[in-house]
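The NADP(+) binding site annotation in TrEMBL covers Gly173, Arg174, Ser175, Ile248. TrEMBL lists 5-128 with the feature domain 'Tetrahydrofolate dehydrogenase/cyclohydrolase catalytic'. According to TrEMBL, the domain 'Tetrahydrofolate dehydrogenase/cyclohydrolase NAD(P)-binding' annotation covers 147-295.
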Amino acid sequence: MAEILDGKRIAAEIRSEVAKDVEKLKQDLGRDVVPCLAAVLVGEDPASQVYVRNKQRACEKAGIEGRTHRLPADTSQAQLLELVDQLNKDDTVNGILVQLPLPAAGNGGAGFDERAVLDAVDPLKDVDAFSPVNVGLLMQGRPRFLPCTPHGIVQLLHRCNISVAGKHVVVVGRSDIVGKPMAMMLAQRDGSCGREVANATVTIAHSRTANLAEVCQSADCLIAAVGVPEMIKGNMVKPGAVVIDVGINRVGDKLVGDVAFAEAAEVASAITPVPGGVGPLTIAMLLHNTVLATRLQNT
Ligand SMILES: Nc1nc(=O)c2c([nH]1)NC[C@@H]1CN(c3ccc(C(=O)N[C@@H](CCC(=O)O)C(=O)O)cc3)C=[N+]21
C-alpha cells in the first residue's frame, strides 16, 4: 500500500511560511503593506466556485487581502478587458487572477477570447504565470512567477524527499496551465524552478499517444493532468512509482482525480489523494506568488 502524500498538510506548512513572508515584507519595506489578490470570476463554473471560495479563506489566514470580482456569464469581452485594465492600473492590487475557463458562447454570452484576456494582465501582477512574458522567462530557466500547480507539485516532491533526478517522469496532459510547464520545470538543470527538484527525463504523453499504458508503465513518477476522471488505471502504474494526481473532477457529488486511486495505491510507492493532494498546494503557491508580486512592485 502506497504512502499517501498529504498535500493538505504541506499546503498548510507553506501557507504559514507565506504569512511569515508577509511580515518580513512589511519589515523590509518599513510600512504596513497588505498584499492584495484580485480574482475575476465570470459565470458559474462549479470547479471555479470551489477554487474561489478556498482561495479567499486562505488569503485571509495568510494576511493577504482577497478581492473577488464576480461578473455574469453574458459579460462582453470589452467589459472584461476594461476590468483587467482597471486592475492593472490599481496600485492597491498586487496580483490578478482571471479564473479559467471563461464561459463558452451561449447562455446569452458571446464567448471570450481567453488568450487576449490573459495577454492583457500586467506581467508583474500575473500570479498565475499565464502571460507570455512569464511563460517565456520560465522556458529560459529564469522564472519570475512559477505557475501555481506545477510549483505546488515541485514543493510536494521536495518536502516529501522525493527526487526525480535521472528518473523517468511521464506527464500525461499538455495544457499550458499544468502539463507543459510541469515538464519543463522537472527537466531543468538546476533548482531555478523551485528547490532542487530537477534533472528528470521527461515524457509528455497525451490523448494521441500510442500505447499510453506502456508509456505510463515506464514512469518512475507519473503525473496525471488530463481532466478525465479515473483514466489512469492501476495496471498503468509501475510497481513502486510515485503517482501525482492533478485531476479535480466532479462526478455526481464526489470529487475524483484523473487516477483510479484505490487500484493505483496498491501498486505505487506514494500517491496524492483527491481531494487533499495537489489542489490545496495550488492555492498555497498562489499566495506565495501574491507576496512575491507585492515585493517586486515595491522594490
Ligand atoms: N486562472 C486560474 N488559475 C487556476 O489555478 C485555476 C483556474 N483559473 N480555474 C479553476 C482551476 C481549478 N483550480 C483548483 C485549485 C484548487 C482546488 C482545491 O483546493 N481543491 C481541494 C478540494 C475542494 C473541495 O473540497 O471541493 C482539494 O483538492 O483538496 C480546486 C480547484 C484552480 N484552477
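Cβ coordinates are placed from backbone N, Cα and C, and glycine is handled just like the others.
Annotations in TrEMBL come from automatic prediction, not curation.
Closeness to ligand 1 is met by Ile248, these being the binding-site residues among Gly173, Arg174, Ser175, Ile248 whose Cβ falls under 6 Å from the molecule. Other Cβ atoms within 10 Å of the Cβ of Ser175 (NADP(+) binding site) number 17 in total over all chains. Counting residues of the domain 'Tetrahydrofolate dehydrogenase/cyclohydrolase catalytic' (5-128) by DSSP class, helix then strand then coil, yields 62 helix, 21 strand, 41 coil.
In this entry, Gly173, Arg174, Ser175, Ile248 make up the residues listed for NADP(+), with the farthest two CA atoms of the set 16 Å from each other.
Taken together, the residues of the domain 'Tetrahydrofolate dehydrogenase/cyclohydrolase catalytic' (5-128) have an average pLDDT of 94. Summary for the binding-site residues Gly173, Arg174, Ile248: the Cβ-based neighbour count within 10 Å is maximal at Gly173. Secondary structure of the domain 'Tetrahydrofolate dehydrogenase/cyclohydrolase NAD(P)-binding' (147-295) per DSSP, as helix, strand and coil residue counts: 55 helix, 28 strand, 66 coil.
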